[in-house]
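Listed in TrEMBL:
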| type | residues | note |
| --- | --- | --- |
| ACT_SITE | 148 | active site, proton acceptor |
| BINDING | 141, 212, 214, 246 | Ca(2+) binding site |
| BINDING | 143, 253, 372 | substrate binding site |
| BINDING | 246, 266, 270 | Mg(2+) binding site |
| DOMAIN | 30-133 | domain 'Fumarylacetoacetase N-terminal' |
| DOMAIN | 143-415 | domain 'Fumarylacetoacetase-like C-terminal' |
């Protein structure tokens, strides 16, 4: 697993770009996340970029710099494309080579030649728009939070989590075509709903539209069909992580998922943040897996001492809501909850090992959703269904408005960062999605 610390994790490292040295910045020199961009209101092609402070490095412009070593140069060329699948496929040594070359060129002690070359490739973040960083071939959404599963079970009047929850990382295959980058705006979904007391379903726009706070996991190098991925090598197949909102229509979901699972309730929109934070940047924030000893060990292919010791990651996550009233009054969004990814029952490596164990081949650019991320207390819930107790206890916003579920005109903003003493703060940026009225 790529957990080793190196010079890019040095908290004392500073950039000659002063905006990268602000303590609260999402993108310090220790981060260097990847995305694809073009300038706003242009017909430019999307191409790869790396964020630093309040700027980004246009990798396509920097790739021709003669000072790059061969491995970094080849990686930069691959990262110059409209999507990053080829770069993802090159593997950890190439990812790290490019990231380390950027670290050296952006460091305050960079040579004058390195500094001048990369300075000419900077573009302000305020002047760009983003595309999806990969051509996503397949999307799999997991269900890995014991706290979310427990909360939902109670709200639905069930006796507890499903019997298989502690044995396998549960997942289903989702829809790729409706995945969009931050800023996505979509129509309220419609479908069949069984209203309380009714004997037959009705067709209607969803009355219980919800968000789900998740992390997105981009696959780097894939595996051949029929070839499993060993648990302790699974992280080497992960390029990095983003924020992901798995929008869900709870009322449509309740009726249609018997017995196979969600369909229309999930296929209308999934919003991802544009920046992918590498696992290398997240190495300082590794923790032991939270699986309690009382639950016993999982089956052998999902069990290792290394995964138990370092499989979790402490990523602080926040959910905010911005309504039309917030925007009209130029008011800050209302925070709904805050939690951490460290609470997930199953680790990223376990999700990947399980995904591949039956013979499935993962491919560069595939996207996995972590499943809703909820903590042990209500204020750490990752969905409005939990926070508002399925509508029976509406949440009060800073504007005085109340919400049982997401209404038309509401925007949900996800934010994330890692922070602990002795290391630089590593941010994820944000994922923003807005609900428009249904056309039905």
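Backbone N, Cα and C atoms are what each Cβ position is placed from, and that goes for glycine too.
Apart from 141, 212, 214, 246, the Ca(2+) site neighbourhood in this chain, defined by C-beta within 8 angstroms of the site C-beta centre, holds 213, 244, 245, 248, 270, 369, 370, 371, 372. Considering only the residues assigned to substrate binding, 143, 253, 372, the longest pairwise Cα distance works out to 15 Å. Shown for the domain 'Fumarylacetoacetase N-terminal' (30-133): DSSP residue counts in helix, strand and coil, namely 44 helix, 23 strand, 37 coil. Residues 143, 253, 372 make up the record's substrate site, and a Cβ search at 8 Å around their centroid adds 141, 148, 152, 212, 246, 248, 262, 371, 383 from the same chain.
Ranking the binding-site residues 246, 253, 270, 372 by Cα distance from residue 148 (active site, proton acceptor) puts 372 first. Annotation: 372 are the binding-site residues among 253, 266, 372 whose CA atoms are within 10 angstroms of the CA of residue 214 (Ca(2+) binding site). Ranked by Cβ neighbours within 10 A across all protein chains shown, the recorded positions 148, 266 are led by 148.
Ranking the binding-site residues 253, 270 by how many other Cβ atoms lie within 10 angstroms of each Cβ puts 253 at the bottom. When the Cα of residue 270 (Mg(2+) binding site) is compared against those of the binding-site residues 141, 212, 246, 253, 372, the shortest separation belongs to 246. On a Cα basis, residue 212 (Ca(2+) binding site) lies 14 Å away from residue 253 (substrate binding site). In sequence order, 245, 246, 247, 248, 371, 372, 382, 383 make up the list of same-chain residues 6 or more apart from residue 212 (Ca(2+) binding site) whose Cβ falls under 8 Å from its Cβ.
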